[in-house]
């Protein structure tokens, strides 16, 4: 009986991908503290649940209409199921990442009719830095692109299928609407528009639209209805605030985080370990004569470059906006891997192929060999990791490095790819729990302790309007923290008794003329800095003096 190569044994593709999903998106996803974006999102979800603000989201008691509500609804339902569970909140983003990769796999299969290509491209995607990051944090970017990947998959099927399949157009419309409810037009501009342009460029002549125009119109109508119903509701019931947010968001695209047009020139670094391979895909004259599916390779490459082009047109630029470029980048790299796998059966007879493959591979081998050194310098020497675990990880990393070197030397590209998967699995299984200790205050005293004080819980929390309030403190305290003018006696008297959260002692913030009629009871001083004192990132805005402000009791 002829043995079927693993890459062609499709029964193993899904189990392998599920194992990779577990490592990439779920294992040890609670190791790192919640960042500012996660804090904002989870606070909004909490207030949905406890204040019943399901259609009109708030954050710290104030309207938050900048972001559509779908991901927040998911986070709110998660909060209802398991309150204050950060790993589960992050797991929801992980499930969105899983959905994205599964649609990506199905799309790659339909694009080339080659499941080996689909598997290889999916593994490259799952080991790309930004996908892992967004799939392990409770942020909303992954949702809109995951839904849009589903929309693109169904749209591609709808355009390629003859005769017209209404279900594909309807599916595309539904997922487009869900994407818009995830983060507005972001994915339409950054992922769908470049896809449509690349599709027209390469497939317009072989796409028959006869009998499909009505279905296409229905798709657009479904997308518009799903995309706009929530905005229409907000505009009807909160017209003034909705107009303010619209103008604010519109202006932020041109006035906030403005960068030069060439800011994204380092886009290839977003793929992490595949940075050099991403650059290698740009050797168009070389690859278009070699890869098995030349048109598909050029289509994927054009899609990637069009995303880069459209994102570069916007004045506002952030590196996380490059997340969608990883999808066509992984598809493009998949073509190179499939070519190398095919050529490896003949020991890569052409010198140019061997040189390009080994340059890419050996650079990653060097990086793998450097990991034990990094572990020693940043973990073991600093006392963050015990001897036993350090030795165990050194053995694992060196074993994987030898595996990678052997796969590079013996021209075994799929084995090399699996070695990269193993490298990431080791890091996510065994190193990730120690990352939190690397970015942490050795003497933490979080304001979350106020939740255990029964005297504080019934009282409203305020801070001085003259001091900056970090939203992370609201997240940790599990309380709304309103702002107050401490020079306004009437405002203070009206709020009594209350808890004052301040960076400076309350006695220094409340004028003597007002303070003489108040009783200030200092509770404690908390420090939510993630970095130790003396570190350049240590900031006084995370210091919280907690004081109960109450009227003077009559004797």
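Cβ coordinates come from backbone N, Cα and C, glycine included.
Here TrEMBL flags 67-229 as domain 'Glycosyltransferase RgtA/B/C/D-like'.
Annotated transmembrane segment per TrEMBL: 88-105 (among others), in sequence order.
Residues 7, 13, 16-17, 20-21, 24-25, 93, 97, 100-101, 104-106, 108-109, 141-142, 270-274, 293, 320, 322-323, 326-327, 329-331, 333-335, 337-338, 341, 414, 417-418, 420-421, 424 of the same chain sit 6 or more residues outside the transmembrane segment (117-134) yet have a Cβ under 8 Å from a Cβ within it. Taken from TrEMBL, the feature transmembrane segment covers 117-134 (among others).
Annotation comment: TrEMBL describes 140-159 (among others) as transmembrane segment.
The transmembrane segment annotation in TrEMBL covers 166-182 (among others). If one looks beyond the transmembrane segment (166-182) by at least 6 residues along the same chain, the residues whose Cβ comes under 8 Å of a Cβ in the stretch are 68-71, 140, 143-148, 150-152, 154-155, 157-158, 188, 192, 212, 215-216, 218-228, 230.
Residues annotated as transmembrane segment in TrEMBL: 188-204 (among others).
Annotation comment: TrEMBL describes 213-236 (among others) as transmembrane segment.
Same-chain residues lying 6 or more positions outside the transmembrane segment (263-285) and placing a CB less than 8 Å from one of its CB atoms are 124, 127-130, 132, 298, 301, 304, 308, 311-312, 317, 319, 322-323, 325-326, 329-330, 332-333, 335-336, 356, 359-360, 363-364, 367, 420, 423. Annotated transmembrane segment per TrEMBL: 263-285 (among others), in sequence order.
Sequence-distant contacts of the transmembrane segment (297-315) (same chain, at least 6 residues past either end, Cβ-Cβ under 8 Å): 111, 189-191, 193-195, 197-199, 201-203, 253-255, 258-259, 261-264, 267, 281-282, 284, 287-288, 291, 321-322, 324-325, 328-329, 331-332, 334-335. The transmembrane segment annotation in TrEMBL covers 297-315 (among others).
Taken from TrEMBL, the feature transmembrane segment covers 321-341 (among others).
Sequence annotations record features per position, and here TrEMBL assigns transmembrane segment to 361-379 (among others).
Per TrEMBL, transmembrane segment is recorded for 385-404 (among others). Same-chain neighbours of the transmembrane segment (385-404): 361, 364-365, 368-369, 371-372, 375-376, 379, 415-416, 419-420, 422-423, 426, 430-431, 434, counting only residues six or more beyond its ends whose CB sits under 8 Å from a CB of the stretch.
Taken from TrEMBL, the feature transmembrane segment applies to 416-436 (among others).
Through the fold, the transmembrane segment (321-341) approaches residues 7, 104, 108, 111, 114, 116-118, 120-122, 124-125, 128, 130-131, 134, 141-142, 145, 148-149, 187, 190-191, 194, 198, 264, 267-268, 270-271, 274, 277-278, 280-281, 287, 290-293, 296-297, 300-301, 303-304, 307-308, 311, 348, 353, 357, 411, 413-414, 417 of its own chain, all at least 6 residues removed from its boundaries and within a Cβ separation under 8 Å. Packing against the transmembrane segment (88-105) from elsewhere in the chain are residues 13, 17, 21, 24-26, 29-30, 38, 42, 45, 74-75, 78-79, 81-82, 118-119, 121-122, 125-126, 131, 134-139, 142-143, 145-147, 149-150, 152-153, 327, 330: each is 6 or more residues past its ends and has a CB under 8 Å from a CB in it. Long-range Cβ contacts of the transmembrane segment (213-236) within its own chain (Cβ-Cβ under 8 Å, at least 6 residues beyond either end) map to 55-56, 65, 68-69, 155, 158, 164, 166, 169-170, 172-174, 176-178, 180-181, 242-243.
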